[in-house]
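A.B. asks: Please find one structure pasted underneath; my questions will follow.
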């Protein structure tokens, strides 16, 4: 396959597609056996045979019954810029002792101008066995896409699903912040996690690089180190703060804060809760407020939450309020989050009531500290006053499940359907080039995803259709769809001038994810014993699967 202009420079129908986010995503991001197979195909004269591969997964992650599809954009960027440099070809030559120079010339001419990719829209809710991507093209080239595609989709879909599950358990009203950069598996793990957690429903990230690359909102304040770095109020040299409207100036903000702290101590509702607060902590809070008067949010558990952190924060927040600013809130990073958040809210509300400060009780309470799906669920059951959750380690590392397990299987070559058999029926592939549809019921929920042969007529609204389990003959049902949606759309058509789907902004992918999850039937979404979503094949495809299965399986002989 010769290099075409649109494959070489990432153009398709006049559009230029940038390369992958990570520059390490090159054709060498591959398993060696992809190159050994390419050489063997080439030696056998099979390298240009037209093949069809499906990329799919076999089981939903985290014990759930749904998955979020992510990573498609990076795959298309990889395709659009696919080519091997001379240096890379030299390395392949050295890695394949005895390979002919003509094979290196063949590699030098490769691009993806003869590849077609059909995919489900990124950000969609997807299910096992259904192809996420269908890749068509010369078999040797398609095999060189297998490892990069799996690498780009497996983690992206896994962490997006993890984020979606955290969003589901937290609820729509809570702010979810991804704090995982320091615990992620390397730089790319951190960047990818930030991107796909946002897609999966998180609101913001602490990762500045991800904010720059993808336009994700950034959130962050300070650490315990900032608080403990201060020793006394004497360290604050510049005590001046102009009012928010710029009309007046407070020449001694420290004095104003101390006055506010005394007011809190004398408040009828709060007497006896605290006495002397930690003055070095107060110095840290004042210093931070002077730097960020419009967005003051403090970490309050460095010393003691209720006896020091909260009174000190409230004193600074009241002082800011007198100058026309509104503090944002606090963060809790340790302790009993349900109890502490409730007590903090009571403290805020007492000040609002006693000192007549409007909306003081509505300030944000953020919780962090090794949170995960289970702990957020437990907090909900206990009752809490947390408005925002900062989640890191368990989210970005996908601690509950290490991998999604997407696979890349040949389903057709030279127009001949192929099947992969196994003693484990879950690993038997579904052969031939297929079309996939989502059928919706009367209540608007999706009922079933059905795969059909490429040339079968599509399901029609209002017409009764038999849906069969691919491998279990007793599992079957008639469906009368009220709406039919074809899932696989063309995202890459090589050197053809025909239309294809555009790559969408990350925010639109996020919106799709949120909307589709809202439209799922509740029993598919619940954490405990969710109902499996039905994935079926047409009656005609079912018959063909089992015909091919019997045809390819060797017949045993008993003696």
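Glycine residues also receive a Cβ, built from the backbone N, Cα and C atoms like all the rest.
Note that the structure is predicted; figures quoted are calculated from it, not measured.
Straight from Swiss-Prot, here's the annotation block:
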| type | residues | note |
| --- | --- | --- |
| BINDING | 33, 221, 331 | nicotinate binding site |
| BINDING | 393 | 5-phospho-alpha-D-ribose 1-diphosphate binding site |
| MOD_RES | 224 | phosphohistidine |
A.B. asks: For the recorded positions listed here (224, 331), tell me which residue's CB has the most neighbouring CB atoms inside 10 Å.
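C.D. replies: That would be 331, with the most Cβ atoms nearby.
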A.B. asks: Please identify, from the binding-site residues 221, 393, the residue with the sparsest Cβ neighbourhood, meaning fewest other Cβ atoms within 10 angstroms.
C.D. replies: 393
A.B. asks: Can you tell which of the binding-site residues 33, 331, 393 lies nearest to the residue listed as 'phosphohistidine' in space, using Cα positions?
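C.D. replies: Comparing Cα positions, the closest of these binding-site residues turns out to be 331.
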A.B. asks: Round to the nearest Å and give the CA-to-CA distance linking residue 33 (nicotinate binding site) with the residue listed as '5-phospho-alpha-D-ribose 1-diphosphate binding site'.
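C.D. replies: Spelling it out, the Cα of residue 33 (nicotinate binding site) and the Cα of the residue listed as '5-phospho-alpha-D-ribose 1-diphosphate binding site' are 34 Å apart.
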A.B. asks: Cα of residue 221 (nicotinate binding site) to Cα of residue 393 (5-phospho-alpha-D-ribose 1-diphosphate binding site): how many Å, rounded?
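C.D. replies: Answer for this pair: 18 Å between alpha carbons.
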A.B. asks: Rounded to a whole number, how many Å is the Cα of residue 331 (nicotinate binding site) away from the Cα of the residue listed as '5-phospho-alpha-D-ribose 1-diphosphate binding site'?
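C.D. replies: It is 17 Å, counting Cα to Cα.
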